[in-house]
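> I have a structure here, written as structure tokens, and I will follow up with some questions on it.
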Amino acid sequence: MSTSIDFLLWVRGPGFDIALFIFVVGVLIRLLEVLILGRKADYSEPRGAELGAGLLTLVTRTAPEGGSFKRSPFTVVGGYIWHIGFLISLFLFVPHIELIDSVLGIRWPGIASNLVDAIAAVTIVTLVAMLFSRLTHPVKRFLSGPEDYLTWVVTFLPMLTGYLAYHRMIDPYPLVLGLHILSVELLMVLFPFTKLMHAFTFIIARWYNGAMAGRRGVQS
Amino acid sequence: MADDLKKLSMTLGESLRQQGVSRRGFLKYCAATASMMALPPTMVPAIAQALEKAKRPSVIWLSFQECTGCTESLTRSHSPSVENLIFDHISLDYHHTLQVASGDAAEAAREAAMHENEGKYIVVVDGSIPLANPGYSAIAGISNLQMLEETVAGAAAVVAVGSCAAFGGLPHANPNPTGAVSVGEIVKDKPVVNVSGCPPIPTVITGVLAHFLTFGSLPELDALGRPMVFFGQSIHDRCYRRPFYDKGLFAETFDDEGARKGWCLFRLGCKGPMTYNACATAKWNQGTSWPVESGHGCLGCSEPDFWDAGGFYNALSIPDSDLTRKTGYVVGAGVALGAAAGALNRSTRAKAAAQHETVTIDDLDKKS
């Protein structure tokens, strides 16, 4: 008998195991490749310290650069809104915290579910607006390739299915919950092989930029 | 004997009056039935009229691979109520658990009921049917499969009572040693109503029978063959602790502050969000309480394969496998593969550096 419960059990069981394996192994391989390869030895005499400047750049690059804000305020503001909304939905929704606790054994307090719901709604609307802007803005459209649209889809689907599941908009519930988990598994599987890796590599890139500038005694 | 015959030909209304049930009590039951089945109040007289005139339908109750919990739920639930009287006034012609001492006489009663009410009787089944070996479960030397097929052949409808009959239940749980299947997997040519639950709520079975008596048809069913009126909404949607879920207030252990304050039991493994049943509204033991009200999460007993749906005390959002151990292995594998890839890249780079030849302008001149 094939039912929505069977589907839910598959995505929660073997499906999640497969996705977790590809995600963790893929991310670790890509990170270790970058770290082990390292950078070329710099034989010049350092004019400043790498550590402080490197750490500082990790933080300062989080704030938008004035020029780009003036040129394309929509991209900057929209980007912040959906990134923050996505992270809140992912890390502060109680059922998600339960999942993280079961995988990593660490937990933190969540926030009210209906607050997450409102934030998720804003995030979904912003993501759609960002896609619309990408499709209509001539420069953004020129710069976008298939991978950009693919990463948009796999980021958008977990938000959409999560919203549908929370509001139980598809019957029966195990089906919509299963679809939500499956969409996250799709995200996990594609994550290491696409530009979604920036969620980890931004730390390395910012560190190298900051540390190099620090060594040369210039502002990063 | 004459009395018995008279009783058999009595309508439900006559029979209830003989039992001392007042007209007022009877109408009250009809009104409760109407509201339970989400029918408009204007239907109450129609229900009363139909039930009044209804002949007692013959019911054959078959028990297969089951624990008798369903029968317990229905027969010993609480002191007699109007529902019980209605239940008494179907003609329960065969129930092998209740008639176990009767031996051949019981089997003869089953066959007699089948012949006399050909095409009109209702078959109620609790328990799953083993297909791996008929010897796993047999009654009076007849295998469960054979008995079901024989009995259902002349039935008007089949009611699968309990999760074992509806979905295979505990016997069907992994690795399913007896090859247990549900009634619906065998009976394809008759209407089958699944009244799932472990056990199901007594009111639900009487509701289904009342619907059959009133309208002569079976109630509207959901995708899993369950009556929509009872299984149309999830436990979570009807849960009185739902506001705490929305506010993010959860009990984390069974004896913490949150548990004492009656907060949401999601973190303690409540399967309410995926479970469709009427517990939150119909409640148990004459409306006294239900699992969540008594401080324990829903197990999801009215859903297929609830035994295999992860630990009862794991939150619904947690994948059902030993993740912490698996994560350890996966991280180990990732680190090993990453280190290998890194080492390969380094050696490629070192090789490239070793093979690098310095070219001067003179060399290029010579070549050209």
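Cβ coordinates are placed from backbone N, Cα and C, and glycine is handled just like the others.
Checked TrEMBL, it gives:
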BINDING   B:Cys67, B:Cys70, B:Cys164, B:Cys198  [4Fe-4S] cluster 1 binding site
BINDING   B:His236, B:Cys239, B:Cys264, B:Cys270  [4Fe-4S] cluster 2 binding site
BINDING   B:Cys279, B:Cys298, B:Cys301  [3Fe-4S] cluster binding site
DOMAIN    B:67-211  domain 'NADH:ubiquinone oxidoreductase-like 20kDa subunit'
DOMAIN    B:231-310  domain 'Cytochrome-c3 hydrogenase C-terminal'
> Spatially speaking, which of the binding-site residues B:Cys70, B:Cys164, B:Cys198, B:Cys279 is closest to B:Cys239 ([4Fe-4S] cluster 2 binding site)? Use C-alpha to C-alpha, please.
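The smallest Cα gap between B:Cys239 ([4Fe-4S] cluster 2 binding site) and any of the binding-site residues is with B:Cys279.
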> Give me the non-local Cβ neighbours of B:Cys198 ([4Fe-4S] cluster 1 binding site): same chain, 6+ apart in sequence, Cβ-Cβ under 8 Å, ordered along the sequence.
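B:Gly69, B:Gly162, B:Ser163, B:Cys164, B:Gly169, B:Leu170, B:Leu299, B:Cys301, B:Ser302, B:Phe306 - these are the non-local Cβ neighbours of B:Cys198 ([4Fe-4S] cluster 1 binding site), listed in sequence order.
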> Around the Cβ of B:Cys239 ([4Fe-4S] cluster 2 binding site), how many other Cβ atoms lie within 10 Å? Please give the count over every shown protein chain.
23
> Using Cβ-Cβ distances, find the residues under 8 Å from B:His236 ([4Fe-4S] cluster 2 binding site) that belong to the same chain and are at least 6 apart in sequence, listing them in sequence order.
B:Arg242, B:Tyr245, B:Gly272, B:Pro273, B:Thr275
> Could you round the CA separation between B:Cys270 ([4Fe-4S] cluster 2 binding site) and B:Cys67 ([4Fe-4S] cluster 1 binding site) to a whole angstrom and send it over?
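Here the two Cα atoms are 24 Å apart.
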> Work out how many Å separate B:Cys298 ([3Fe-4S] cluster binding site) and B:Cys67 ([4Fe-4S] cluster 1 binding site) at their Cα atoms, rounded off.
20
> Please report the distance from the Cα of B:Cys70 ([4Fe-4S] cluster 1 binding site) to the Cα of B:Cys264 ([4Fe-4S] cluster 2 binding site), rounded to the nearest angstrom.
28
> What whole-number Å value do you get for the CA-CA distance of B:Cys264 ([4Fe-4S] cluster 2 binding site) and B:Cys67 ([4Fe-4S] cluster 1 binding site)?
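It is 31 Å, counting Cα to Cα.
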> Whose Cβ, among the binding-site residues B:Cys67, B:Cys270, has more other Cβ atoms within 10 Å than any of the rest?
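When each Cβ's neighbours within 10 Å are tallied, B:Cys270 leads.
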